[in-house]
């Protein structure tokens with residue numbers, strides 16, 4: 001028995017870095033939103049745990065999050081079953097879109113089913129958090145969610161995002177570690193109530209309220225990557241009602257209330273860079 005699934009990417013509508021823990025991790029407050037840009041993973045029975053990928057630049061050894069996820073499941077469950085994972089890689093990496101984390105979450109879910117483990121959601125959440133801060137979001141949430149802690153403490157906001165989203169990867173990879181080492185700390189400021197504000201935005205359609213949503217990586221990224229800053233400016237010229245960097249970059253997204261403007265922007269951007277168009281009220285599941 002084999003199984004094929006889509007592993008969707010995400011953007012961060014807001015990303016506030018709120019502190020630093022003794023272990024070196026940063027705490028944050030973020031609003032996750034899914035986008036219609038996805039990898040496809042096929043899982044087939046095998047004697048061992050092995051992996052193939054359509055992108056030769058992506059390692060398929062023990063450093064890959066999918067392999068790590070499968071081996072963590074083996075250890076946790078005591079299962080001796082194997083799997084061949086075939087990854088059709090479409091979501092760019094080094095983009096701030098969470099592609100690797102989404103692939104890991106898809107692996108946890110798929111193998112819990114295929115290996116007939118029936119591990120409870122609490123155990124899967126623990127494994128997901130060990131793999132990466134974004135992995136629990138992809139494992140558990142269908143759409144808009146508030147992330148706190150290091151991003152693993154999740155609240156399903158239970159509202160549809162009534163706007164189209166155009167997301168562009170400017171073919172520049174940015175290291176998350178570099179971004180965390182160099183962003184401008186401002187832990188003492190007063191933050192908006194992001195969960196309440198995004199719910200109001202979704203109910204009223206008032207995109208203007210989103211201007212208070214910041215991404216704390218933007219200033220350092222725009223200072224050091226002129227092509228990423230130029231992409232932001234291009235979105236504004238295209239009529240985006242809200243434009244931000246996603247994660248630590250380098251992907252930039254624009255939010256549109258007008259479907260025609262969104263489609264026109266998408267058609268123009270995709271001539272230059274890898275681009276996705278996400279319809280209104282999009283959900284991963």
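Every residue gets a Cβ built from N, Cα and C, even glycine.
Annotated in Swiss-Prot:
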type: ACT_SITE; residues: 10; note: active site
type: BINDING; residues: 92, 93, 94, 95, 96, 97, 98, 99, 100, 101, 102; note: ATP binding site
type: ACT_SITE; residues: 134; note: active site
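This view paints the features noted in Swiss-Prot onto the structure.
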| residue | record | contacts (Cβ under 8 Å, 6+ apart) |
| --- | --- | --- |
| 10 | active site | 32, 33, 34, 35, 97, 98, 102, 134, 137, 138, 246 |
| 92 | ATP binding site | 99, 169, 171, 173, 251, 274 |
| 94 | ATP binding site | 172, 173, 174, 175, 250 |
| 96 | ATP binding site | 11, 12, 174, 176, 217, 245, 246, 247, 248, 249, 250, 251 |
| 100 | ATP binding site | 64, 65, 93, 132 |
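The number of other CB atoms found within 10 A of the CB of residue 102 (ATP binding site), across every protein chain shown, is 28. Counting every protein chain shown, the Cβ of residue 98 (ATP binding site) has 30 other Cβ atoms within 10 Å. Around the Cβ of residue 134 (active site), 28 further Cβ atoms fall within 10 Å across all displayed protein chains. Secondary structure at residue 10 (active site), as computed by DSSP, is strand.
Listed in chain order, the residues near the ATP site other than 92, 93, 94, 95, 96, 97, 98, 99, 100, 101, 102 are 9, 91, 247, each with its Cβ within 8 Å of the site Cβ centroid.
Reduced to three states, the DSSP call for residue 100 (ATP binding site) is helix.
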